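Asks: Submitted below is the structure of interest, expressed as structure tokens.
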Amino acid sequence: MKAVHLLAAKPWIWSWLAAAVVWTATVAVTGGAGAFGLTQAALTFAAFSVIVGTGQMFVITLGPGNIDLSVPATMTLAGTVALKLMNVDNGMIAPGLVVALAIGIAVGVGNYGLIKLLRIPPIIATLAMSFIVQSAAIWTNRGLRIKPPSLLAEFTTSSTFAIPNMAIVALLVAVIAWVLLEKSLYGRWILAIGQSMAAARMAGIPVDGTRFATYVLCAVLAALCGYLLACFSGGAALNMGAEYLLMSIAVVVIGGTSVAGGDSNVPGIWGASLFLFLVVSMLNTYGLGAGFRLIMTGLIIIGVIVVASGRRARQP
Amino acid sequence: MNLRLPSETVRLLIPALSLTALLAAVFWLQPRAMSYIGLNLLFNLAVPIALATIAQMLIMAVNNLDLSMGAFVSFVACVAATFLHDTPLLGWLILLAAIAAYAALGVIIHLRDLPSIVVTLGMSFVWTGLAVLLLPAPGGQAPEWARWLMTAKPPLVPMAIVASILIALVGHLIVMRSSFGVLVRGVGGNERSVERAGWSVLAARAGAYGLAGAFAVAAGIALVGLTTSADANIALRYTLLSIAGVILGGGEFVGGRVSPIGAVIGALTLTLAGSFLSFLRISPDWQIGAQGAILVIVLALRLLLNRLENRERRR
């Protein structure tokens, strides 16, 4: 009984439960067939949401008003430039990754630079930045569709011990994020800033440095995700990041991270990412079209936030 | 007696100056734009954006943010191109229901104290889903009257300019001159004091959301009037453009400090930024980037002006 109570108190348990329910409902329809394939697909596609969602979670944890809208543009630019640089050459995989991550760092520095220098809310700073980055991506892409190097395409689409490689990468990211958040000084600083920036400043926490590092981290993770996604889908497309703007925020919220900041959790991101993908495939299995899928996704996000806020209201 | 301008006017100064500078640059690059047809072409697409910006501004006036604006305008455009054209009565009923849904959102957000960003994020999926159900592929047809309205040729001043001025005036009257507008801005400024003064914050928030829904409906109809057909993704850019427009026009995210005239000017500036680049013969690839750059420049100017103002005050 005690274990159940302990589990129920964890905010991330709900997204995992929901994912399990939806998984069962889907497999029940197909009569058990395709359960393995469904799990593999869910792990692969959830991986991308996990990588961007983790970055967004760190930013959202910084407190109200902190959000990074430049995620999709960063993904697109990193994917496009990296593929162009690698130019189907297996020997260029590492330089491609370095360039993609460098783009992430540059965007993150730019984001925080705008926030700090112009003293504007993060939402508008990252929005302005995303316009510029997206333009740069359009300019470099020019409708070209360059294939990823064969080794990288192979790596991103295959599995090791029946676990998709992408899921392993995302798991690594999640573990590192968890250690950073729960065990490192930096993680404590983020949580403190999210709970009260004024108090954190009085306590001598380097607020500016921590926020700066967080925005850079988020952009770097977006760039990494863009690099992997471009290789996974056989080329970069200009709209490849588009759905990840809302997705990255949605997985953070559904995962049980407080939108008000100062309280976040990593496992919830995985649960929410799996859940959102499984909902889509469940509705697909039931033969419902894209319209219904979108409506359901929206209603679920609203439902979760209504329930979650009710829970908080009861135990202040 | 002093000669200092009211702060409201000062806040409008930068958006107005940026628009004038940009317009002057466009005229200098392409003198032929300085005509009836030229102006209409330059600002045609600004009309729906201006309406959506006013809608976003109303939400921002109560310290919230609407991330579903683009999806909602797309949905309205789809309704306008299908039901409103074929069965007008049913079409209007659907649009009224959509406005009621917006007001209901305001109520839910207020009652449960929900973060508006997340709720509207969820709604953006819902609106897009409904739009996809209505029009799985681009198509439909604009109602004749909407088409007529958007392509009308009033004497002397082109329709786009007339419409923009009208939108700004109506917005100004509602938000700055009516008691409802004062109440809404009061909620943004200090919710608790409005409540203590005996007003219903719930009604104010619901009203602001409902009115925003009405302006967004107008934006969708205006857009279909221009494009003649619709698509489920037709206006997705409007979410970010409308936020940028409000900020460009001197609005703030919190505190109920908004300006309808500024918001319309902001929308016009963003639209003009694209044309400016094409007159400069810079590749259209950089159009979105230019909007971002203009946003940054204007915000930097505003920071400078605020600093000057503060120094003045301290003296």
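Quick reminder: no glycine exception, Cβ is built from N, Cα and C everywhere.
Heads up, TrEMBL stuff is auto-annotated, nobody curated it.
Straight from TrEMBL, here's the annotation block:
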TRANSMEM  A:12-36  transmembrane segment
TRANSMEM  A:43-63  transmembrane segment
TRANSMEM  A:93-114  transmembrane segment
TRANSMEM  A:120-140  transmembrane segment
TRANSMEM  A:161-180  transmembrane segment
TRANSMEM  A:215-238  transmembrane segment
TRANSMEM  A:244-262  transmembrane segment
TRANSMEM  A:269-286  transmembrane segment
TRANSMEM  A:292-310  transmembrane segment
Asks: Using Cβ distances below 8 Å and needing 3 or more such pairs, separated by at least 6 in sequence, tell me whether the transmembrane segment (A:93-114) contacts the transmembrane segment (A:161-180).
Replies: no
Asks: Which bits of the chain, at least 6 residues beyond where the transmembrane segment (A:215-238) starts or stops, bring a Cβ under 8 A of a Cβ in it?
Replies: 44, 48, 51-52, 54-56, 58-59, 68, 70-72, 74-80, 82-83, 96-97, 100-101, 103-105, 107-109, 111-112, 115, 122, 137-138, 141, 145-149, 152-153, 155-157, 166, 169, 173, 244
Asks: Are the transmembrane segment (A:292-310) and the transmembrane segment (A:161-180) close enough that 3 or more Cβ pairs fall under 8 Å, when only pairs 6 or more apart in sequence count?
Replies: no
Asks: Look over the recorded stretches A:12-36, A:43-63, A:120-140, A:292-310 and say which has the most C-beta pairs under 8 A to the transmembrane segment (A:269-286).
Replies: A:12-36
Asks: Same chain, outside the transmembrane segment (A:292-310) by at least 6, Cβ under 8 Å from its Cβ: which residues?
Replies: 11, 14, 250, 253-254, 256, 259, 276, 279-280, 283-284
Asks: Against which stretches of its own chain does the transmembrane segment (A:12-36) lie, if we need a Cβ under 8 Å and a gap of at least six residues from its ends?
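Replies: Distant contacts of the transmembrane segment (A:12-36): 42, 254-256, 265-268, 270-272, 274-275, 278-279, 281-282, 285-286, 304.
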